[in-house]
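As annotated by TrEMBL, NADP(+) binding site applies to B:7, B:8, B:9, B:10, B:11, B:12, B:13, B:14. Feature annotation from TrEMBL assigns domain 'Aspartate/homoserine dehydrogenase NAD-binding' to B:8-124. Per TrEMBL, NADPH binding site is recorded for B:100. Per TrEMBL, domain 'Homoserine dehydrogenase catalytic' is recorded for B:132-311. The annotation L-homoserine binding site is assigned in TrEMBL to B:185. Residues or ranges marked as active site, proton donor by TrEMBL: B:200.
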């Protein structure tokens with residue numbers, strides 16, 4: 001019998017308790033030991049809960065109980081999660097977490113403590129919810145060099161974009177609907193401004209390339225500037241707008257990594273990842289493209305990933321799982337303005353003929369896009385491939401000619 | 001340093017040697033030990049091969065060498081693979097295989113020997129090539145009851161169907177092209193008649209539900225009867241024709257399992273799995289639908305899955321991986337005619353008005369389908385849901401009325 005503690009009884013925490021309870025027999029068979037919840041840490045009261053006797057408000061009770069071998073951290077946020085997890089690892093307890101903010105900020109540090117103490121620190125649920133992705137990258141793809149990872153990593157923004165694409169909802173209406181349905185929080189900033197997706201691509205990049213990438217190193221743009229006009233131009237171009245997290249290893253040893261909306265061609269396997277679903281493409285030099293698809297969030301999917309990690313902990317008390325990356329460094333991420341891309345540009349002018357002449361003079365040949373409901377003086381085009389900094393300079397020049405650049409979106413090179 | 005032997009130096013075998021050689025440093029880091037190939041078993045000669053000194057034609061040399069701890073079986077076929085693998089396991093060597101025929105026919109027996117001797121018998125590459133699927137099902141989904149698995153499990157037939165759907169090629173032309181491109185063998189029977197897909201769904205079903213399903217228990221239909229007319233009617237219906245392997249647990253403890261072409265709605269995540277790609281949907285009670293997508297065959301994808309298993313063997317010499325299912329039983333699979341489905345029917349008649357009256361009289365309301373190039377007297381419809389045996393009886397009645405039923409395809413209930 002292995003005793004564990006669950007820290008946090010919110011959506012995921014209560015899901016973990018539910019899955020452990022409902023599947024206890026199956027889980028015991030897989031883990032080869034019974035798993036029993038000794039404590040549930042939460043500052044709130046849950047009168048009438050069948051788990052009443054397990055609740056505690058004292059972290060120290062858990063920390064100081066030598067019977068507790070595994071601690072599940074599903075509180076979220078960076079503090080006090082970090083301090084608690086660190087203390088648990090230092091006290092000889094393995095830790096399982098779903099907390100992407102924690103792993104993205106402190107992964108290398110916590111993995112180091114786990115390694116030193118011969119413990120496991122597992123976080124399958126931190127990316128992709130119930131989609132197995134951490135394990136496949138770390139294990140199955142061990143015989144590959146990872147060429148690239150690109151994914152739709154945030155279900156909330158994908159839901160909003162899907163509503164804009166399929167039902168011509170505005171961003172504001174789609175966000176309001178997402179909030180009504182419980183897909184978006186009242187403060188949706190972390191989702192719609194891209195920082196949730198950023199944390200996840202940081203975790204995947206750190207794992208795949210062995211060195212920590214910190215969220216603040218990654219150029220991140222959300223979807224708040226996407227208008228219906230952009231969605232329509234994407235369709236005219238032959239694709240859809242998706243919020244993509246993408247990372248590639250460069251030959252100079254640095255990473256090319258970015259989170260931003262992109263035009264994705266309709267034929268791409270990621271283009272059909274709709275609604276709250278996530279899709280993650282891992283390109284290996286041997287396997288080619290492998291795509292993982294499923295619900296990237298939600299109580300039970302996330303909880304089942306947490307429980308799978310708990311089972312793995314139980315099975316690997318002696319043989320530690322290989323999961324490790326080293327500290328990051330300041331110059332590890334290439335300036336995104338050095339990436340070679342092509343860019344969609346939506347602009348407005350008073351004199352279209354002159355504007356187009358200017359565009360041609362500045363950018364050379366471009367691909368014009370059109371849409372049915374274009375406003376007066378509106379025009380859109382896609383540039384050829386060049387360094388982003390070059391595009392930015394050219395756009396400044398365009399603006400100086402009195403052309404109003406209303407939005408730009410990168411063309412996904414997946 | 002761990003010494004291994006590779007039995008079979010065909011496409012996959014040479015890929016395994018290539019991956020082990022090219023990624024040796026990375027692999028040693030993951031496995032925490034160097035992995036060295038001591039023998040390559042093949043009856044052919046490979047003059048000039050850089051691995052010349054490792055080749056042997058004698059299985060006994062491998063079997064009797066106590067230094068060889070892991071044997072990779074990539075010869076294919078049932079004999080002598082089965083005898084060799086069994087002997088290796090009995091001699092205390094772990095075995096990794098990509099041989100789906102072997103696992104589908106003898107999995108339970110070989111897993112039992114492996115368990116008895118505390119060895120690993122791993123076969124990630126037997127399903128989905130380089131797509132991680134065995135491990136995710138056995139590990140990540142440990143906290144789930146698997147409700148259903150459905151997948152496009154054979155790349156060759158999926159390539160043929162894609163050519164028929166996208167380029168209006170006939171089955172014969174598409175098959176010839178697949179052979180020319182090396183996607184189909186000169187004798188393509190195992191692919192186009194569905195037995196390859198059948199072996200794979202048997203392996204997944206055995207793993208997910210813990211009890212062996214033998215290929216001969218599974219009703220299997222290939223794609224040889226699919227005509228362009230059917231592809232066009234599928235489009236009119238709102239979907240595509242795909243060769244699907246599907247398994248579900250029934251409440252009576254039996255399995256509902258089948259391999260056959262199905263109409264799949266365009267919105268399904270499996271509908272966009274095209275060309276030689278495979279896509280496998282695993283529906284868990286907690287995770288919901290998780291889909292795995294990638295190249296289901298090919299030298300390097302398959303080899304990299306084999307090598308990942310070898311690494312896992314090295315890491316788990318002491319702690320055996322949990323991978324096990326028990327022997328099957330005769331009545332474990334439900335008669336497919338008891339499944340409730342709806343059916344697409346394409347027929348011909350000399351008097352359409354009378355025929356349609358008869359269809360209505362026999363089947364009740366049906367959904368008529370139409371296509372541009374319909375031949376004279378041709379008509380097609382989709383029945384309501386009912387037991388398949390009921391549909392079959394009704395079709396016999398239809399035939400007795402002089403209506404020529406040219407093809408039937410099940411509507412995928414995914």
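Any Cβ shown, glycine's included, is placed from N, Cα and C.
A map of TrEMBL features onto the structure.
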| residue | record | contacts (Cβ under 8 Å, 6+ apart) |
| --- | --- | --- |
| B:7 | NADP(+) binding site | B:13, B:41, B:59, B:62, B:71, B:72, B:73, B:74, B:75, B:81, B:84 |
| B:8 | NADP(+) binding site | B:41, B:42, B:73, B:74, B:75, B:76 |
| B:9 | NADP(+) binding site | B:17, B:40, B:41, B:42, B:44, B:46, B:55 |
| B:10 | NADP(+) binding site | B:42, B:74, B:75, B:76 |
| B:11 | NADP(+) binding site | B:299, B:302 |
| B:12 | NADP(+) binding site | B:74, B:76, B:98, B:125, B:299, B:302, B:303, B:306 |
| B:14 | NADP(+) binding site | B:299 |
| B:100 | NADPH binding site | B:123, B:126, B:127, B:196, B:199, B:200, B:203 |
| B:185 | L-homoserine binding site | B:179, B:191 |
* Asked: Which residue counts does DSSP give the domain 'Aspartate/homoserine dehydrogenase NAD-binding' (B:8-124) for helix, strand and coil?
  -> 56 helix, 21 strand, 40 coil
* Asked: So which other residues, same chain and not among B:7, B:8, B:9, B:10, B:11, B:12, B:13, B:14, have a Cβ within 8 Å of the centroid of the Cβ atoms at the NADP(+) site?
  -> B:6, B:15, B:16, B:42, B:74, B:75
* How many other Cβ atoms sit within 10 Å of the Cβ of residue B:200 (active site, proton donor)? -> 26
* **Mapped DSSP class for the residue listed as 'active site, proton donor', helix or strand or coil** => helix
* Around residue B:13 (NADP(+) binding site), how many other CB atoms lie within 10 A of its CB? -> 24
